[in-house]
Amino acid sequence: MSEVRDKLQEGEAGVRGEQPFPDQVRSTEATRPDLHGLLTTSHSSSADISPSPSAESSGLLSLPWEILTHIVSYLPVHFVVNVLPKVCHALSNVGQDRTSWQLRAQRLVGLRAAFPVGPREDFDWPGACLQMEQLITCWSGEVEHVARQNQEDEERREQAMPQDGEPGEGGQDDGGEGQVGVAVAVQEVAYGADEAMEVSVEGDEGEMQHVLGGDQVARLREELEDRLEGDAAALMEEEMDHRRVFIANEGRDAVLNHQEDLPDHRNLGNGQHVEARSPSPPPALECITLPTGHIAHVNSVLLLGGEGKVCATASRDWNVKLWDLELGSLLQTMGRQGDFSSHRGWVWCLASQGPLLASGGFDSTVRLWDLQAGGADRALIRTGAAVLCLSCQPDMLLAGTFDKRVSMYDTRAAAPLVKSIRMHSNAVMCLCADDKYIISGSKDCTVAVYDRRAGKGLKRLRLSSYLLSMSYSGCEVWAGDNGGMLHSFSMQAGTLKPVSQFDVGHTALITGIHRSPGSLYTCSSDCTVKVHIPCAPPRTLSTLHYQTGVHGLSVEAGVLAIASGDVRVQVWRPRK
């Protein structure tokens, strides 16, 4: 409770003008709090009426409600949701004030962006704000970390570079193996040992800006040279008494004595100096690359279990594999006893529900695997055409196939086919569903809605492009098309309405998309993965670059798994 008192006292001081609040998002916990208990234990809702603190309250609680909610708006979301309700009833009501959540969300997305893109009724405002804060903290911090690492690496190279083009002692150039080792170390920390990937950020006008590009390096070099010419000799004479320097050319690290006592910290070596920097804080995310387990391109990746600890991969080598992400090791290759592979053709898509894992392939089958039984083969469903997309619901498995059909299967029945519908005139490329509706996108440039309870099609929209990926949550549907554009739709009472389309910088097929109330991830065959806030227009936080097209992604509990276009799978996750 001391932490609560400290934060609230800081807030009260800020209102009195003693100490301003920082206008930035603070770090949040990686796990999303359970909001159900908070919302169900409340006796009143502030969606329409803001509750007033008790008349007997004093201090902070005696402030007007508007000021109190303004103070709380500067606290992290997880603190508002999980801690304040334990302090007193008045503060528990703060977490139910829709207006304060809307103001917080607007501050996070920016004044020029609209949020949410779809309907505002029944929108999960606390959950969306929590996810946005986590997303901004992790991915914006990752870009900053990479920038710091690159800048520090460049400064090390400048410091070790001999003057006037002369080689260092022993006739060896200091820019050789030692610098390569540093660069590899930086890449391993920042990129998860993937030398092919870069990180860049979106500029104000949508253009890609590489972190510490060539122009920045040139400017940094010029600044260093200017400072060298002006005061290198003076600085060496003034500070040599305070330090001992081990020359890098002699193969030793530079060690500074009494550095904390110096008014102006500088590292000196070979007659050069650069500003000393404190060690960079560790990034909020870490990246691992799964060992090469496939011998052909990975088409699909899927996180399982709800905690991002287990991952399934599907490949053109005809196999489905399970991975332990905690250990970064292969658990098993799925398959029936006696079979040499999981399928008899390319495995194109994955879906799961509870302990059931489904894989669909070009061999015109869907195979079901029981994860609770150690990945045992549960059933084989013959579809009659290549399976291009899957969706698992609690009571039904849905498959979109090359023969223009969406088929529904009861995985518990001996004869699993329930119904096969044809609402398109070309292959079904993507689909999503809930307990009421099925939404499918086809290469015929149409999007269709099917009412599961009424057993009939409701609507069919025609687009100027065709959709390859789709994500459906709440009342919003987001999809990516073959031209690199994002499409957003609202879905209410069986009515699918186009909202808008956005250009987020992709230049080719959008092969994967994941949208939640506060996050949006997209990947493309243009060799990029982008992380956005799902506002209108989307605010892009980070862009990951690869050497080959990216085939798919999966997101769960803040963990991002990427099928990076070759035999590898990369996993970005919150650092413990």
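Backbone N, Cα and C atoms are what each Cβ position is placed from, and that goes for glycine too.
Features as listed in TrEMBL:
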COMPBIAS  1-15  compositional bias 'Basic and acidic residues'
COMPBIAS  36-53  compositional bias 'Low complexity'
COMPBIAS  147-159  compositional bias 'Basic and acidic residues'
DOMAIN    57-104  domain 'F-box'
REGION    1-53  region 'Disordered'
REGION    147-178  region 'Disordered'
REPEAT    291-333  repeat 'WD'
REPEAT    340-379  repeat 'WD'
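Across the repeat 'WD' (291-333), the DSSP tally of helix, strand and coil residues reads 0 helix, 23 strand, 20 coil. Across the domain 'F-box' (57-104), the model assigns an average pLDDT of 82.
Helix, strand and coil content of the domain 'F-box' (57-104), in residues and according to DSSP, is 36 helix, 0 strand, 12 coil.
Secondary structure of the repeat 'WD' (340-379), assigned with DSSP and counted as helix (H, G, I), strand (E, B) and coil, comes to 0 helix, 23 strand, 17 coil.
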